Every structure is written in structure tokens, then in C-alpha cells.
There are 2 protein chains.
Amino acid sequence: MVFHYPNGHPSHYNEASKQKMQGKDKSINFANRGMRFEDAINQSNDYYRNHNLAVIHKKPIPLQIVKVDYPKRSAAVIREAYFKEASTTDYNGVYKGYYLDFEAKETKNKTSFPLKNFHEHQIAHMEKCMEQDGLCFVLLWFSSLKRCFFLDSKQLVYYWRNKENQKKSMPITTIEKNAIEIQPKIAPRIPYLEAVDQYLQAKEKN
Amino acid sequence: MVFHYPNGHPSHYNEASKQKMQGKDKSINFANRGMRFEDAINQSNDYYRNHNLAVIHKKPIPLQIVKVDYPKRSAAVIREAYFKEASTTDYNGVYKGYYLDFEAKETKNKTSFPLKNFHEHQIAHMEKCMEQDGLCFVLLWFSSLKRCFFLDSKQLVYYWRNKENQKKSMPITTIEKNAIEIQPKIAPRIPYLEAVDQYLQAKEKN
């Protein structure tokens, strides 16, 4: 079998503009490869798609378009638009008949994952998807530790809805106990479908 | 049981700008209610979401952002951006554990549905999703006839991949034979989940 390395991914205007917008450099090197976590996820999605293993896409960032110019004989140009808050999670798609829906987040912290990384509308969206038997989860990246976890959204929602925990953070010990650790590799960078398989197997047993 | 009428839906900047961009008014009244087909689908999705029946969203239109301004003390403004071609279909989500993926298209024609309404990348995307056991379909609206059909993507892809049919159109007689007709109503406007149920029941029998 020929081993395909993932193609170099074009630079993401979305990420770049979002970073700039927030006025701070959020680039945390991904496993010393000069790559951000989100880029690693996008490359993994490309890998899975190109190998016909799953069809997962990142959704475009929603924008409120206010003004568009229509120059003669050339493409329409958006001249005024604003970033809008998304009403869903960033990623969804299909894998072996399962509806997958997830969010990928990173922290520089070493001992816990701050819950402020998530928003109420994302939690509400995951709850609605789980009601429809969607497979919802979050991928958590501890950039300082270079450790990645697959956490079932049920765990996150349970933790989030517990008032004592709100706006606090989830200790890494809790994550280690309840999540599935993912070992980053070359291709795909974040082999999260292995964690999905492991999760489904454990679910079948119960 | 209290009967909820769907809320008035905010005007869609995407649709408005896309229409303007194309320099022509594509507004075809939806069943004499002054509504476009796409708006009717969006309202139906809202209805299904609000009633916890399914979680289906229209994806934001992807844009290539070139220039963003960061005025002090106010939101970032996109000053130059271009419309990009989407690499997927417009709608996806989850219903009773099924991954749903679809495209909604309309025609003024009365006797056939022009295949130029679809693009190769949409067909390829549907093929990939079907390989993963996703439930893929198209919603076809004959605006002059006020008739709506649910057509399994397998049928569309089969027709599309037949070289003789390419860039031609699918006769309404073929659609009547192979698709499930949907009767528009008040809420949801396009009760396409009824067609999905009917399709799943027929599939189970075979």
C-alpha cells in the first residue's frame, strides 16, 4: 500500500483573520511542527476524506454581509461585513452511518481545561444533537503538555450544567479519568476516529 | 397541545447578497406566500429544531477574506472578501440517529428539472456521504407547478453519471416515478421529514 502524506493545506483565511481580529497571536505550535491545533484537525479531516474513511468538514465562519460591490466584468467584492457568532459547533459530518459533531479547543494550562473555552450556544447545540442520537464530543488540546483528549459531550454537558462548575475549569485528572487520550501522529495528525471507534466499542459493551 | 406557528425568520443576508451578486432577482414566490423556496426550507429547519424533531442547519456561505479593519473600541470590519464555491451541499444535520445531507433547488420549468442546477462537487460530496451511509437527498421545487419532491441522491447521482444525461434535465415523469412528493403546509412549510420517514420505511421493507 502506498503511504500518502497529507498534502500541504492552504493557509486558512478564517483562522488568520480570526486571530488578527482578536488582536493577539493565538498560534501555539502543534507538537513542534509549527502547526496550530485547528490546522491539525483540518488536515486530519482532509486525510479522512481523501481516504474515504469519513466526511467531516469545518463549517465556514458566519458573516453578516452589509455591502457588496459589483464591478463590471469581475467578481463581486464584499466591502463591509462583520463576524457573527456561530449557532453550532465547528465540525460535523458522517462516519460509518454515525452523525459526528464536535468542537476542538486548546489551552496552555497544564492542570485543567478552562470551561470559558465553550459557549452556552455550543453546549445547547450538543444537547440537541445528542437528543437525536448524534455522536457529539470535544477534542481538547493541552498545548504545553502536548496531550490530546476525546471527551464525550455528555461528560462536558454534565460538568457544564453543574452550577458549581460553571465558568470554572475541568481538572486534567477528571479528563484523564473520563476521556480517551489521542496520540498525535503524522497522518492523520489527530487520529480522532480511533477514539470514536474505542468510544463506540465501550458503548456497545454496556 | 398548543400549536406553534413558526416565528418570523430574520431576512437572510446570504440570500439577499447572493441574489444581488448574481445581478438578477431570483425571488419566486413560494406557494403564493411571498416566500422563496430556500426561506421555506430554513423555516422548516427552524420548526424542526424548535420542536426537538431534528437538528438541521444551512451552512454559512464560504468567503475568502482578504482585508479586515480593526477600529479601536468597535468590532472588526471585513473590508474586502470574495464569495467562494462551497465544497459540500447546503444543509446537513442529524435526525433520529441518521446523518441527513441535502441540497434544495428550484426551477420555473414545468416538464423537467435542469441538471445544471447541480454542480459536480455537490454530486461528488453526496457520493462520499452515501459511502459512509449518510442519508442524502435533494428537495426539488417546481415553482410554476407549486410541486415539491424528495429525491434520493442515489437516483440523482445515477442519472448524473449517465453520460447521455449530463447537462440535460430530468423529466418530471421520471421524478414522479422515483421521488416522494411533499405537500407544502403551514408549519413546517416543507415537511420533508415525512418524506424521510417514508423513504426509510420503504428501505426497511426491501
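Placement of Cβ uses the backbone N, Cα and C atoms for every residue, glycine included.
Keep in mind it's a predicted model, so treat the numbers as computed, not measured.
Copied over from TrEMBL:
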type	residues	note
BINDING	B:THR88, B:ASP90, B:GLU103, B:GLN122	Mg(2+) binding site
REGION	B:1-21	region 'Disordered'
SITE	B:LYS105	site 'Transition state stabilizer'
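Projection of TrEMBL feature records onto the structure.
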| residue | record | DSSP (3 states) |
| --- | --- | --- |
| B:THR88 | Mg(2+) binding site | coil |
| B:GLU103 | Mg(2+) binding site | strand |
| B:GLN122 | Mg(2+) binding site | helix |
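It is 14 Å from the Cα atom of B:THR88 (Mg(2+) binding site) to that of B:LYS105 (site 'Transition state stabilizer'). Filtering of the recorded positions B:ASP90, B:GLU103, B:LYS105, B:GLN122 by Cβ separation from chain A (threshold: under 8 Å) yields no residue.
Comparing the binding-site residues B:ASP90, B:GLU103 by how many other C-beta atoms lie within 10 angstroms of each C-beta, the top residue is B:GLU103. Report note: the Mg(2+) site is defined by B:THR88, B:ASP90, B:GLU103, B:GLN122, and the residues of the same chain whose CB lies within 8 Å of the CB centroid of those residues, excluding them, are B:ALA86, B:THR89, B:TYR91, B:ASP101, B:PHE102, B:HIS125, B:MET126. Neighbour density for B:LYS105 (site 'Transition state stabilizer'): within 10 A of its CB lie 18 other CB atoms from the protein chains shown.
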